[in-house]
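Feature list (source: Swiss-Prot):
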BINDING   Asp39, Ala40, Glu41, Tyr42, Asp43, Ser89, Leu90, Glu123, Arg146, Glu186, Lys302, Lys326  NAD(+) binding site
ACT_SITE  Lys125  active site, N6-AMP-lysine intermediate
BINDING   Cys418, Cys421, Cys436, Cys442  Zn(2+) binding site
REGION    556-588  region 'Disordered'
DOMAIN    641-721  domain 'BRCT'
Amino acid sequence: MTTSALTEAEAANELMRLARQIAKHNRLYHAEDSPEITDAEYDALVRRNAELEAAFPHLIRPDSPSAQIGHEIAASPLGKVQHEVRMMSLDNAFTDEEVEEFVARVRRFLALPEDAEVVMTAEDKIDGLSCSLRYENGRLVRAATRGDGQVGEDVTANVAHIPDIPQELKAAGLFDIPAVFEIRGEVYMAKDDFLALNARQAEAGEKIFANPRNGAAGSLRQKDASVTASRPLRFLAHGWGAASEVPAATQFEMMRKIADWGVPVSPLLVRCSSAAEMVAHYRDIGEKRASLPYDIDGVVYKVDRLDWQDRLGFVAKAPRWGIAHKFPAERAETTLDAIDIQVGRTGKLTPVGRLKPVLVGGVTVTNVTLHNRDEIGRLGLRVGDRIVLQRAGDVIPQVVENLTREEPRDPYHFPDHCPECGSEAVAEEGEVDVRCTGGLICPAQRVERLKHFVSRAALDIEGLGEKTIIEFFQLGWLESPADIFRLRKRRSEIVGREGWKDKSVDNLLAAIEAKRQPDAARLLFGLGIRHVGAVTARDLMKRFVTLPALREAARQASSAAREGEPANADGAYDPATVTPDSDTAGAEAGRSDALADLLSIDGVGPVVVEALGDFFHEPHNIAVWEDLLSEVSPPPYVVETKDSAVAGKTIVFTGKLETMSRDEAKAQAEALGARTAGSVSAKTDLVVAGPGAGSKLKQAAALGIDVIDEAAWAEIVRQAG
């Protein structure tokens, strides 16, 4: 379903499902080297998530896949390494038009003329395991996998057995190599080497690897380095991380220098001066793909000028100056064997198609989401139908065609009662999702809410996973989040359970105790308030600092909204909407002020205000809230930022900026600890005005707000370092 056809509720539920699916597949791919889906299927999930987040930015979740890199390193026989410079991933493009838009986006951000040449590098994207090699004074001192981008596994002893990785870089002169330089690239296995390895593994009765990427990952991440030494691993560099200096002005020149130092780089690396050249190189590599000695899944483009890369910076998990142009995937036919219904945290009934196993891109697929009742009706799906699965990159893996819809067959009847608790299942007016009306009497919803509360993006309690939540719930030990913090009283009972020992119980209880002063934004997200997702939870806490302050603002704002209190279209508080002509004027002013305060936060609109109000007006939710806060004490929410003259202030940019784009200016402000707003109000501290500034400049003058020009803003940024 297109994003424009979705309601906010549908989008929120789909984002929740995507976050869980992608997290699962990240774990299988990065941590366990045992993926269940193809790269194209994974890309499709990520792509759909990005589309939904772009259409509904206020629904972005704290556990959003767009902010996650790889997967957190679990317990491992290999040591952990903290990356000095985060190992980022890349955003993806799937069409020529998206490549053109990427180039245009770079121009806009840098405020370049439309006809300005933007040189890019283009190289094949190897499907391997990301690795960072740290050289100090030219000698290899450490190697680490990417992990979650911040912490990876120490594989220094293992890479010593990879012939492509030199223990010492070749220097043309005494000062040719920086004192510190981290070379980053992919550890991979050539196709022929992979086939030979699997033949040896089969002959020895040992594990067969699914594909070269898994073979490379499984071979590198070995406790016994001699196992790695016996595997045919290779390495290709594609960039760098921490560096005491970068002895080049462009990406292309730096990659040539890395090659001169003795580290292999892609032989297909070229410079392109236009989007047309980039796409032409993509097609050329695509034609060579089958004949290349290693697996690739696309082409990577990077802005060539390093000073432009510095200006462009990063968003979430990816650089603005790079993108991966992925190759398309496949379609396949299979049979729909059954339709099962899953009940989610918010009561949504999601139909899941169980399929006759079908091979798509080398992976066997057995399940597919059918989204909702309307989607089943649109496709006329019935058990036994022959269907076409699409695994293209621009949508979620989905059923795109029913080949047998005209054949006589019993129709599928979507349930009108919850399969978990028997409560009536209905779709609210204007929504396509069918939801269980049982609320917290529905065990599926209660369990899902508890799972959500302890999930990685919420409280992230180690050892309290899905199976444990279900086990303790069925025993009656867990009914609400606060019960988690009372499990210490059941220590003796837990120890008596099968699979639990003194040490494992003590580890669990210690992990729970460690969360008694949780991050306030994570706690807010963990409560599962509808429409309060990732950035929204963090932005709410940035503004209100403490949870009680947020609760009071939400109660007042929702009262104002429910009573029809007027507000400006841009969400700014308008003093003219409050008149002191009654005894209740003060209270009304407070409610209006709270509403304006909430609406001034980027991404917070009436739907979020209503959701917060609904939550804090419902007696059961208040009881859960107060019970939880009797067990935990989240400290005031403070965001670490640079010490600057504008930290903590609200800034509005208006008019045309001549040396930077509006996005770049906003990114600078946020890095300095300021928050940006789209409109001027009494809460605005500073206005940065360029040529053509209009009504906002007049508003600032009327309110006595400081106004500076772009040069003064640049000086503030310079002084902050």
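Cβ atoms here come from the backbone N, Cα and C positions, even for glycine.
This view paints the features noted in Swiss-Prot onto the structure.
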residue	record	Cβ contacts under 8 Å, 6 or more apart
Leu90	NAD(+) binding site	Val300, Ala318, Pro319, Gly322, Ile323, Ala324
Lys125	active site, N6-AMP-lysine intermediate	Ile296, Asp297, Gly298, Val299, Val300, Ala324, Lys326
Lys302	NAD(+) binding site	Met120, Thr121, Gly239, Gln251, Gln309, Pro319, Trp321, Gly322
Cys418	Zn(2+) binding site	Val343, Gly347, Leu349, Glu424, Ala425, Cys436, Thr437, Gly438, Cys442, Ala444
Cys421	Zn(2+) binding site	Cys436, Gly438, Ile441, Cys442, Pro443, Ala444
Number of Cβ atoms other than its own within 10 Å, given for Cys436 (Zn(2+) binding site): 26
Cβ-based neighbourhood (8 Å from the centroid) of the Zn(2+) site, residues Cys418, Cys421, Cys436, Cys442 excluded: Val343, Gly347, Pro419, Glu420, Gly422, Ser423, Ala425, Thr437, Gly438, Ile441, Pro443, Ala444, Gln445
Cys442 (Zn(2+) binding site), number of other Cβ atoms within 10 Å: 20
Number of Cβ atoms other than its own within 10 Å, given for Glu41 (NAD(+) binding site): 23
Structural state of Lys302 (NAD(+) binding site), classified by DSSP into three states: strand
Integer mean pLDDT for the domain 'BRCT' (641-721): 86
DSSP three-state assignment (helix, strand or coil) for Glu41 (NAD(+) binding site): helix
